[in-house]
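Below: the structure, in structure tokens.
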């Protein structure tokens, strides 16, 4: 997404021996950084909350459930990903001639793919806990999901590492002969996308489609189970929308629908930005907002949907509000 050779919107820029430059930011660039900082703060709080609360629970109870384990891994990966994105954007805007971001870009992509896998496994967890399908493979997977989870997490780490490795990009270039699309680097604010955006797009699709397909299958099974239960209730003349038996279905569907919307908007914004948006305007600011919304705002919904995390968050906000009132009273006195 970022490139040091991007056509300059900066004014009065001067290079320094360290490879950085002092720049004068435009209004839209300042707005973009403000949006990104706010989303990073929100994402750091929500994702950090998922990690810290579950780690404390693990230390006190010596065990952690499958859902909490996935949320911990997801929160940690998104926390690191958000800060790497912010770092890349700040370097792109404040030091566009800095050339040491390529390794950071590949690390950022690693946590990007990893968070997608963890989100897919979270959806799979909802599926195996809610859906009842009399199929041997599904029954075995449902029964042994907790035992398989460490292996699934390790597999996700390995696949993400392979897909974010520079060697994978070289392999794509050789297999698909990407040199015919040109050898110029991508003209976006993120350095490290390789020879051209076509190479990066293919690698990103190959890395994202498997976990996203897993998510779609899980979501489809949950929706199918919900529809089946609603038909059964209708046949029994039980038409209440808030039937206790369906609460789990509704919560799972809402979580999956939110993830689907956020992810589609994120990938659209990511690719639009990656194609090289040279003009600083509100469309570019909107793209930056959507890029940051996926790992930050979606985590708010995850915290809100988890009773333990939600109660902890409410207590923290209440204490923060009390402290704020005490400080204001102290200042007034």
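Here the Cβ of each residue, glycine as well, is placed from N, Cα and C on the backbone.
According to TrEMBL, the protein carries these features:
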type	residues	note
REGION	1-22	region 'Disordered'
TRANSMEM	30-58	transmembrane segment
TRANSMEM	70-94	transmembrane segment
TRANSMEM	106-128	transmembrane segment
TRANSMEM	148-168	transmembrane segment
TRANSMEM	197-227	transmembrane segment
TRANSMEM	248-266	transmembrane segment
TRANSMEM	286-305	transmembrane segment
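Within its own chain, the transmembrane segment (106-128) is flanked in space by residues 66-67, 70-71, 73-74, 77-78, 80-81, 84-85, 88, 138, 141-142, 145, 149, 152-153, 156-157, 159-161, 163-166, 192, 207-208, 211-212, 214-215, 218-219, 221-222, 252, 255-256, 259, 263, 295, 302, which lie at least six positions past its ends and keep a Cβ under 8 Å from the stretch. The list of residues near the transmembrane segment (70-94) in space but at least 6 beyond its ends in sequence, with Cβ under 8 angstroms from a Cβ of it, reads 1-4, 6, 20, 23, 25, 29, 32-33, 36-37, 39-40, 43-44, 46-51, 54-55, 64, 101, 104-105, 107-108, 111-112, 114-115, 118-119, 121-122, 125, 149, 153, 189-191, 288, 291-292, 295-296, 299, 302, 306, 309. Between the transmembrane segment (30-58) and the transmembrane segment (286-305), the number of CB pairs under 8 angstroms, six or more residues apart, is three or more, so the stretches are in contact.
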